[in-house]
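All remarks here apply to the structure that follows.
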């Protein structure tokens, strides 16, 4: 299981950096910050599927 540490990311104001992450919801997030915001909104139910586009 791969885990992303979301403690370094704000709940808003992500950069436009493109480093895609595929979530367990089969949605591609543009970077760790965007993914971490989605994790927070899902109350922790969203997990990392893999790095890169889904």
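Each residue, glycine too, has its Cβ placed from N, Cα and C.
Keep in mind it's a predicted model, so treat the numbers as computed, not measured.
If you look up Swiss-Prot, you'll see 4-54 marked as domain 'Kazal-like', on the strength of sequence analysis. If you look up Swiss-Prot, you'll see 6-36, 14-33, 22-54 marked as disulfide bond. Summarising the annotation, Swiss-Prot assigns N-linked glycosylation site to 43.
Shown on the structure are the features that Swiss-Prot records.
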residue: 6; record: disulfide bond; Cβ neighbours (10 Å): 16
residue: 14; record: disulfide bond; Cβ neighbours (10 Å): 17
residue: 22; record: disulfide bond; Cβ neighbours (10 Å): 17
residue: 33; record: disulfide bond; Cβ neighbours (10 Å): 22
residue: 36; record: disulfide bond; Cβ neighbours (10 Å): 22
residue: 43; record: N-linked glycosylation site; Cβ neighbours (10 Å): 7
residue: 54; record: disulfide bond; Cβ neighbours (10 Å): 14
**Item:** Structural state of residue 36 (disulfide bond), classified by DSSP into three states
**Value:** helix
**Request:** Please report the DSSP secondary structure of residue 22 (disulfide bond), reduced to three states.
**Result:** strand
**Message:** If I take the Cα of residue 43 (N-linked glycosylation site) as reference, which of the disulfide-bonded residues 6, 22, 33, 36 has the closest Cα?
**Reply:** 36
**Asked** If you measure from the Cα of residue 6 (disulfide bond), which of the disulfide-bonded residues 14, 33, 54 is the nearest?
**Response** 33
**Request:** With DSSP as the reference, give the number of residues of the domain 'Kazal-like' (4-54) in helix, strand and coil.
**Result:** 10 helix, 9 strand, 32 coil
**Asked** How many whole Å apart are the CA atoms of residue 22 (disulfide bond) and residue 14 (disulfide bond)?
**Response** 17
**Request:** Sorry to bug you, but what's the C-alpha spacing from residue 36 (disulfide bond) to residue 14 (disulfide bond), rounded to the closest Å?
**Result:** 10
**Complete:** Here the Cα-Cα span from residue 33 (disulfide bond) to residue 54 (disulfide bond), rounded to a whole number of angstrom, reaches 17
